[in-house]
Structure formats: structure tokens, C-alpha cells
Amino acid sequence: MAAAANSGSSLPLFDCPTWAGKPPPGLHLDVVKGDKLIEKLIIDEKKYYLFGRNPDLCDFTIDHQSCSRVHAALVYHKHLKRVFLIDLNSTHGTFLGHIRLEPHKPQQIPIDSTVSFGASTRAYTLREKPQTLPSAVKGDEKMGGEDDELKGLLGLPEEETELDNLTEFNTAHNKRISTLTIEEGNLDIQRPKRKRKNSRVTFSEDDEIINPEDVDPSVGRFRNMVQTAVVPVKKKRVEGPGSLGLEESGSRRMQNFAFSGGLYGGLPPTHSEAGSQPHGIHGTALIGGLPMPYPNLAPDVDLTPVVPSAVNMNPAPNPAVYNPEAVNEPKKKKYAKEAWPGKKPTPSLLI
């Protein structure tokens, strides 16, 4: 085991001893500044870990001016099952509690002991993996309260300090897993190169008309507000050689309509009327496209005298059956029957 000096142009190196081995899972360091826990450093992956200011050579960087580039090494002894701390000839020294370690001499670090590097105020406490309680309660032991009983059943520690310690450990463990996953993924995945967008400016020779109503007078200014609706029209009847148009068939029907002759319906028209307007058959004339009847100026007179019918001034009385009960009864009013179209005749209820 040897360590190069931190001074000079040569790079500091650390030779791993033969007795170094992999530590048990869950071994970690609590980084505390004052009374506040800053983070947890998991140290169960490698045989040794380097501490110092140089982030390229050290596993854990100490950001303090009093620390050397490669300050110290933390090594796990595979036979003794203990952790040893080695000072790599640092300028301001490595401390176990308040005792400064000798350079290049391994010093055993007990569990729950605290170490510090240089003049840094951060203290590093060695911890094992937090122990969880069994899920079942042994014997007749009873928990004090409902919360403590629930924590015991879930396998969580009863005290708040132990619970916070377990939470911080799990957080640090998850961060390490996510970091390792990202680093391994970056080795296999090649990031595609970004294509630069064409930043050149081009001009189009074609003129683009935005408002056509300003150029074309046939385009209305409010064309966007106009709505067009198409209403289908019934097809007109096709006029064939054997069929008549609507207007002609209508006039034919009006001509064939039987008009009453009136007082002078049978006389022919005079010469002035015949020359001024056309007339049709049956004593009708076409006025405004419609047939109108002519008045009969000389109707036929019936010369046979009309004999009036004889009127009987003394009608014979109609015999009726005498009913003595009807005489004593009071007279009843008789109302007229109501009649309307479609009413069926019903027998009268009045006597």
C-alpha cells in the first residue's frame, strides 16, 4: 500500500491493499453539518472510496479549501469485517473524533463513530443499514398506542429519529439506483445530432393577394357574411305533341265551363262589340285571356198564362182524440229543435 504526495506535478495514486473486500449492503455515512443531516453516502459498492477536492479522482468530493485533492481513503477489511480509514498525507489532516490520524497508517473506524477532513465543519458518521422491526409482535408485548402498534405491524421503527434515518437511507439508495441507471443508459444510447434550421431569408416573386375585394370589383366586401341557400324547383311538365301546356289547358277548361246566360245570354254581340274584342263560342268573349258571358238582350217570353192554384179559405178541422188527463196538466213550453249539418234524426222527447 502506497500513496503519492499531493504536492508536485505527479498525479496522486492509491494502491488498494490485498485485504480489502466488498462491504456488507447498507453500509453508509451520515453527513451532518451542525445539527442538520445533509445527506447519506452509500459505501457498499466498492472495496475502497476516495475523499478529496478533485472530482475526477475522488468518489466523494469535499468542497473545502483546507482539503487536499486526494485527502483520504476508506477501506473495508474482508477478514476483520471492519472499516479502516487511511490518511493520504493530507496537508490539514484527517480526524477520528478529535484525534488526528497518522499518514499512510490504516485506522479502524467503529460503527457510529465520526470522522472529519481538514478544517471542514462537516462530520461523517459511519452507520449500518437501518434495522426494521418484524411484522408480528413477539410474546405478550403490547404497544403503547394505536400509532405505535400500526408502525410495529408495518415494520417501521417506533421512534421518530429512527424513522427519519430510515427515510433518508431509502432516499439515498433510490438516488444511487437512478444515477447508475442513467449512466449505464448513456453508454449504449447515442444521442441524435440536432439539425440546424435553415436561417436564410428567401423572397417570393409571386404576389399574394390578401384582400381580393380591394383588387377585383366583382368580389363583394361583405362576402363572408353572405349565406347562400339552394331551393329546388319542381320540374315543369314536358310539352309534347299530344299534351297541352298549363296555360292552354287552363284556358280550355274555362271555355268549356257552363256559364248562365243571364237576361241577355242568348243574343249575339253587336257589330261594335264584335269588332273590338274577340269572342268564343256559346256567346262568350275573351276578355284579358278569360272567357266572359254576354248578357242576353232579348230573352224569350212565355205567352202561356199562368193559372193560379185554388186556395181553400175554410180548412176542415183535424179530429183529435180527447184525453181528460191532458186537460188538467199544465201547459209545457215547446222549444225548437237544434239542427246542424250531419246531425242524425232522433225521435222527439216532447209530447
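Going from the start of the chain as shown, residues are counted 1 onward.
Positions of Cβ are set from backbone N, Cα and C atoms, glycine also.
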Stated Swiss-Prot location of region 'RNA-binding', expressed as one of 242-263, 330-351: 330-351
Segment assigned the feature motif 'Nuclear localization signal 2' in Swiss-Prot (from 117-147, 148-178, 210-240): 210-240
From Tyr49, Tyr264, the one Swiss-Prot labels phosphotyrosine: Tyr264
Arithmetic mean of per-residue pLDDT over the motif 'Nuclear localization signal 2' (210-240): 71
